Amino acid sequence: VILLMSTQALIQSGVEKRSNKIKALSKRKTTAESWWEGECYGWWTSCSSPEQCCSLNCENIYCRAW
């Protein structure tokens with residue numbers, strides 16, 4: 001009985017962790033959503049760091065497509 005309960009608890013823990021990972025990933029926005037909401041710059045916009053660009057590519061002070 002104890003082994004069965006331990007196994008069930010272990011399985012339940014794994015299911016909960018997987019569920020939390022799925023929820024976290026589903027909350028991530030697409031590049032288009034981030035751009036539309038003004039969270040990052042589109043191509044050919046002036047930038048000072050890669051994190052500002054939706055493409056994460058800031059080259060020669062401009063966001064590049066890739």
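Cβ from N, Cα, C; glycine included.
Copied over from Swiss-Prot:
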type: SIGNAL; residues: 1-9; note: signal peptide
type: DISULFID; residues: C40-C54; note: disulfide bond
type: DISULFID; residues: C47-C58; note: disulfide bond
type: DISULFID; residues: C53-C63; note: disulfide bond
Pairwise Cα distance for C58 (disulfide bond)/C40 (disulfide bond) [Å, integer]: 11
Long-range Cβ environment of C63 (disulfide bond), under 8 Å and at least 6 residues apart: Y41, G42, W43, W44, T45, S46, C47, Q52, C53, C54, S55, N57
Local Cβ density at C40 (disulfide bond) - other Cβ atoms counted within 10 Å: 19
C58 (disulfide bond): tally of other CB atoms within 10 A of its CB: 19
